[in-house]
Structure formats: structure tokens, C-alpha cells
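J.: Handing you a structure now.
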Amino acid sequence: MHNPQLNKHGELQHLLTIDGLPRDVITAILDTAAPFTEVAEREVKKLPLLRGKSIFNLFFENSTRTRTTFEIAAKRLSADVVNLNVSTSSTAKGESLLDTVDNLCAMQADMFVVRHAASGAPFLIAQHLLATGRDHIHVVNAGDGRHAHPTQGLLDMYTIRHYKKDFTNLTVAIVGDVLHSRVARSQISALTTLGVPEVRVIGPKTLLPTEVERMGVRVFHDIREGLKGVDVVMMLRLQNERMNGALLPTPQEYYKVWGLTAEKLALAKPDAIVMHPGPMNRGVEIDSSVADGAQAVILPQVTFGIAVRMAVMSMLAGQQGSNK
Amino acid sequence: MQKLDAEALFQTLVEQMRPHVTPDTALVGIHTGGVWLAERLHRALGLTLPPGSIDVSFYRDDFGSKGLHPQPKRTAIPFDVEDAHVVIVDDVLYTGRTTRAAINELFDFGRPAHVDLAVLIDRGGRELPIAARYCALTLPQPLPASQSLQLETDATGALTLRLIDA
């Protein structure tokens, strides 16, 4: 089957989703990210790999952490980064997505980092570039609607591998608002591709997608039952802004039943790690004592995220020669 | 071509370097052969600073045409580069491009006082104005581009050189 993310040599052309990405490509990204983590400790925190490349951060949806870490990653690779803020851009004046892209291509863009509220927007851009013969320009999905957030999924895998070494003997729990979460979809795809034998999703029926079992996960509607004996707890943010209708009672009530407290975490393995993609709602999905506790690896996730994004961008940009 | 005895060449290199190094001379090996050499030289010369290692994947000048090298290794410089006397160590000196990349990378860690280059073999074929201060053997005739020389090591750390026809 044609994979729009890979070129004819099986190399990464765009990063749109983890779903369908071969295991060896995921592993290669994680392996490549490892030496990038060391750059932050240098006198000069820069590598010359993307010198002279122009990377456009196209954020049609608000984000601070993701946009900033993409920007730092690109700058540490010596690329020129242009941030486009949608509220001040032509889109606000009615320009279409693809017209915006065409204009930026005319400014010699080499890569687009795209976040959009509509699922599939980065794929649409990649298809458009292919159809117009500009497939030397790369697209990185920085989160599209409820679909995917592949670099988040990859940095989560990097974090798990850093602390747990091997994926093939782990039990991993994903807790909370799976329904609205593109992060959860990317995590599930990555975990199952990397051979994690048991992936659990834990949440209220109203916040789990129907037939989520078909993604290869075990479903729990009781958080205490679901957390028993797990190695990794991946919390999700409660996405108030994406909710239509009454899926939830109140944040306080959600916290009482679904919030990760020290008492609930004690049901997991003693050396279990706690992850969160941010931004955290303290006192809603996670208690402060857990978020700041010894088992939390939430800030290392952010740091690893820079290295993983450096790896993705340099692997994409480095392919420009080989498919010419 | 004559049979290359890597261990004998190593001893030659040690004797060349011995009169010129001080205990605080710092060695930096280029992955992978240069790292093995730097570790052996460090012991043989009785140096105090721990040897560093450099993987030049992120500094190569053929990134634009060849892309990123698969499986890049970690660069580790465990001493302060500022004002240090550094000897970059590599197994084979060829075009000089790897040395160029290693010097660039080294300078991102600080401003060394002095940088030298030590290699086991100079195979000829330079494309940049780079020469080794310490070199155990310069091949009388440059090796054809189709051939490559590879340093290998076994479990005991013994070094051998292999000529590979592409």
C-alpha cells in the first residue's frame, strides 16, 4: 500500500501520523534522537545540519510548548525559523490553507510544521505539494484535530525507552480523555507497533471512542482496576475546549473519580513512571503531589521532545538529495 | 601492497607522540576506529585527561546529498576544551573532510589552545589543506578510491587493519 509519508526508497518524506509507520522507521527516529540530547550541554548549542534551510511553523491552533520546542529544535539545527501566528495572518483575512502554503513555497520554504484544528490538514498540504511537483518540501504534523500528534507520540516512546529500556515486557496505561485526544491515538499506534504486549486505556465511557478495542487495547472503566501493576501511566489532558455537550459532570467530580492521586498511583508497580503531554490541569486529571513527585517524568518529556524533533527534522531534510 | 601490521604501526605512533605530549594533553577519537586508538594511546602515553569521542555525522559536508548517517553515535568531550591542548585521533586520513568536520565540532565545545592530528595511516587523496602532525605510515602511492582501509579490534583490544575492495 502507498504510504504518503515515505518516499520510493522507504525513507521518511513527511511525518503525518505514527499509524502505519514501520517499526524500523520509528526505532531509527528514536536512535537518531539519542545523540541530539547531548547538544544542550555544549558551549555552542547548535549543529550545522539545517544551515540555510527555511522552516515555517504554521500554527492554526494555539500552542506554546509544541511550537516553542519545534522552534528550539530547528534553531539548534541552524535552520531559519519563521513563526506564523494565525490570528495576525492572511487566513484571518480569508485566505485558504493551500493559498497560504503556495505563498510560503514562493518564499522558498523547505519544511512546514503544521498544527490545525481540522484532522487531515497536514495530509492535505502534503498531497498538494506532491500534486504540484514540490515534493522536496517536507511536512511535519504538529497536531491535527483529533487525528494525530506524531512527534508527541515519538517523544513519549523516547521517554519510555529511556526509563524502561525494553518495550516488549511492559504494561502501559493511557488514562483520561481518549476521545478528544490526538496524543492518545499516536501513543496507541506507537506502543503497539513497538511491541508493547499490553496497552490499557482507562476512562469514562463518554470519553472513550466507540470500538477503541479495535486499536489493540484493553479497556477499563475503573481506574483502580486499570492501574494495577502497570509500568507506565500516561495521563491525558482533559480537553474542555473540544467538548460539545454534557460529557462530564464537573471538573471536581472528574478529579474525584479519574484524577491521578498518590493513593491510586500506589496500585501501579513501585517503579512506574508518570507521564503527561501538558499542559496539565492540576487538581483535575492529576494531583499536584503526583505531578511534582518522584515518579513523574513530565519535564524530561519536554527536554526529550526537542531531541526527537531535531531527529525528525534532520531525517526529513537529509532526504532532499537522495530523491532528486 | 605490503602487509599492514596495525600493532607495529600503533607502537610507531606512540613513539612519535611521546616526546611531544604532556600529561594534560587531551585526546579526541573520531568514531569508530579513532576512539579505539585514542583509548589505547591514552594508556600507552600515561595521559591524565579522559579521552573524548566525536561522531561527525552532524557536521558532515555531504548531508545535503547523502542525508543523515544512520545510527549516529554520541559525541562526548569529558574535559574542558577551553585552552586545552587537543590531539584529534583517527585511524585513516583520506580526503580530510572528516577531520574538517571534527575540528568544527570540537570548536562548538570551546576554544582550544592547540589542535593536532594523529593518524595510523595516511592513504593519500586529500581534498582539503589538512596534514597530520603524527602519522605512523604514509602510503607511497595513494590508495584507489574503490578501496577502503578499515581498522578492526578484537575482544582483547588488539588492532588489525583490513583492506576492502568495494
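Yeah, the Cβs are placed from backbone N, Cα and C, and that goes for glycine too.
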J.: Please pick, from A:Arg23, A:Arg115, A:Arg200, the residue that TrEMBL records in the carbamoyl phosphate site together with A:Arg65, A:Thr66, A:His149, A:Gln152, A:Gly278, A:Pro279.
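T.: When TrEMBL describes the carbamoyl phosphate site, the candidate it includes is A:Arg115.
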J.: What does DSSP assign A:Pro279 (carbamoyl phosphate binding site), in three states?
T.: coil
J.: Based on Cα coordinates, which of the following binding-site residues are within 10 Å of A:Gly278 (carbamoyl phosphate binding site): A:Lys93, A:Arg182, A:Arg237?
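T.: Close binding-site residues: A:Arg237.
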J.: Just give me the nearest neighbour of A:Gln152 (carbamoyl phosphate binding site) among the binding-site residues A:Lys93, A:Arg182, A:Arg237, Cα to Cα.
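T.: Of the binding-site residues A:Lys93, A:Arg182, A:Arg237, A:Arg182 has its Cα closest to that of A:Gln152 (carbamoyl phosphate binding site).
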J.: Report the member of A:Lys93, A:Arg115, A:His149, A:Arg182, A:Arg237 (the binding-site residues) whose C-beta atom has the most other C-beta atoms within 10 angstroms.
T.: A:His149
J.: On the three-state reduction of DSSP, what should I expect for A:His149 (carbamoyl phosphate binding site)?
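T.: The residue in question, A:His149 (carbamoyl phosphate binding site), is coil (DSSP, three-state).
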J.: Which residues does A:Thr66 (carbamoyl phosphate binding site) neighbour through Cβ under 8 Å, counting only same-chain ones at least six apart?
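T.: Residues satisfying the criterion: A:Arg115, A:Ala142, A:Gly143, A:His149, A:Thr151, A:Gln152.
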